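For reference, the structure is listed below as structure tokens.
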Amino acid sequence: MSSMPVHIERPAELTAKQRLQLEKKVRSMKYADLAVQGTNTSSIASKRSVERLYADVLGTKVQGSNGQPREYFKYFVSKPLRRSPCINRGYWLRLMAIRTSLRCIAEGTGQRDILVVNLGCGYDPLPFQLLDHTDDAQSEFDDRMSFVDVDYPDLIAKKLEIVKNTPELQHILGGAAGDAAGPVVYRTAKYMAAACDLNDSAAFGALTESFHPRSDEVVVFIAEVSLAYMRPERADAIIEACGRIPNSHFILLEQLLPAGEHSPFSRTMLSHFKSNDSPLQSVSSYPTISEQEVRFKRLGFKNVNAGDMHQLWRSLDKELVSKVQAVEPFDELEEFYLFCHHYIIAHATNDLSFRFGPKYAFPQVPQSPSKSCSSNSPMELVTAVDTDLLQRKFGASVVVDSDTILFSFGCLHNKLENILVMGDHDGAFKISKGPAPPARMCHTFTKLDDRTIFLVGGRQSPTKPLGDAWLLKLRDGEWHWEMCAPLMYPRFRHNCVNVGKGKALIYGGETDGATFLIYDCESNTYYEPVYPRTFPRKVSAAMCYDFQSNRGYILGGALDNMEVDDTLCTFAFDARTNSIEILETSSHPLYQRYGAKSVVREAGHMLIVGGVSPHMLFNDTTSIIEVELTTNKVNCLQIPSSLWKNHAQLLVGFELQIMSDGTVLIFGGGAVCYGFGAAWNGILRLGRETIAAIPLRIL
């Protein structure tokens, strides 16, 4: 009996269209991989900038050299660049985040050996730093560490080419120890380089099986902004595979969206990576610290210590922080806070007996107080003519007659030396030609009466503060600049309010001068009022004054130690005795703001807008608040959903004015969002009456 013929079904051949689609998909995947690899170039250049400027506070020093710094990034960056002070401080903190987590592990695991696996290592020279016996930084780890660098095959090959052509690095690693095999393409006694695409979970699983750690060896995985570019399920698979290895730790540093994807910094950050064809894919699934903690516990790491980068900054030794602050002039605190709140440093382990020491454990983040707040104040984005003219930050403004606003000086890419006139519908406002104040930012511009405006202080750079003062005076239908008596000490990021009878009260700021000063326009002199000498001189506080009640209010601002204050102080000014009396001081988490603005909106109600906080990123319910001054009750003004999603304002370096009809305008300002680009504001209106488009022109 003959057997039945066996039918073998062959796979259908691809059509020409399917082949083209497949080839296109492969090309797209390769291009995406190259774009992700390209992020290494920018990152390593920024770290080289830090290495050159911050060498004395990096902790890498040649042994016995009396403090001579040891450099490693220089081998991987052919043309060094100098980044901005904010980017430098941010990358210094990133380097410190990884080093601090490794130090925590070393201190908490006795004398056990530690295998460090750097996932998506790029050109990171961490192994060379901590294997270099001529570097003081190595000594604290007592020769306990060995390293595995893991990255795309092309990137690992380029890194190894640099290593093999650099005698100093070869000397640190020592000679080859055994043949390389499988994904491991280079091996010495304390170092391995492995070529692996982390998107290939099977390949990564095979790689981890090749480590063969001893039962008493600690395995540490580092992912510094590497899993962030992967789809969340693939990144989770990596973390879960690492969690199956006994005695393992995972150090994660990547982006957060603490106020959601629509907040201005987050929106700018996401757009930057998307436009560079390296979109952040995991952050939308794990946008907050608490969600990252849940993630790690679900994937096998039950013991988690996580915080944002500002929590890390606050945990550092105060002497070290002081040294960092002294490296280069720095006046970008708002941008630094914004950066810090958008990055997490998480240290997770499956060793339930491991304890995070007191100097490493992050305190639990307090719950946002916004849940107890509510308001239905209407808001809308106002149409403006030539909106690009609003691109200026840290200027100062006044309202003159007919609700025309003068927005003076400030900064775009450079300091501006002009005035933006807003709302002058008939074009009648003019300033005559003649001597005028030079360009500046962080100054004050205060209306003393209908014919006199007082400008004082500011800065050109953090090391070039200004002490000059000017009056803008109306004579014969035209406005004229007149120089008046200068300050004894320069001052910027200060406050100035009109207290009546041609007098201006100047408070705080960066200065060696008095906490309070009075400028008397009639006599063209300054003098100190009588005030409690214990009252702090704060920088970038919010200050306003209400003539009807003869009450002034000072909120937030930075103290001498750069801690941001969380108090609202009520004071009275007595013009007869030229004295200031502190009437009341209250505290609230939402008062803790640096760079906020305030105005008394109506009897007994004060509006507080914007600024930044060390402990939270302000969102659609906390960016704008109103205080009932008789009860100190805080109400949060909810920014409408459509406005927040499409036009959320970055309330830094902005201006706030109240118009004759009670309408409040918030305008100008913005910030450079770390290395991701700038975000600029339009005009936001608070009030019940719709207003017409606002014309803008430059004087």
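Cβ atoms are placed via backbone N, Cα and C, with glycine included.
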Task: Record-annotated S-adenosyl-L-methionine site (Swiss-Prot): member among Gly59, Gly120, Gly174 besides Arg94, Asp151, Asp197, Leu198, Glu224 - done: Gly120
- [ ] Could you find out if DSSP has Arg94 (S-adenosyl-L-methionine binding site) as helix, strand or coil?
- [x] helix
Task: Where Asp151 (S-adenosyl-L-methionine binding site) falls in three-state DSSP terms - done: strand
Task: Winner by Cβ contact number (other Cβ atoms within 10 Å) across the binding-site residues Asp151, Asp197, Glu224 - done: Asp151
Task: Around the Cβ of Gly120 (S-adenosyl-L-methionine binding site), the count of other Cβ atoms that are within 10 Å - done: 26
Task: Residues that sit under 8 angstroms from Leu198 (S-adenosyl-L-methionine binding site) by C-beta distance, when 6+ apart in the chain - done: Leu119, Gly120, Val150, Phe204, Ser226, Leu227, Met230, Arg234, Ile238
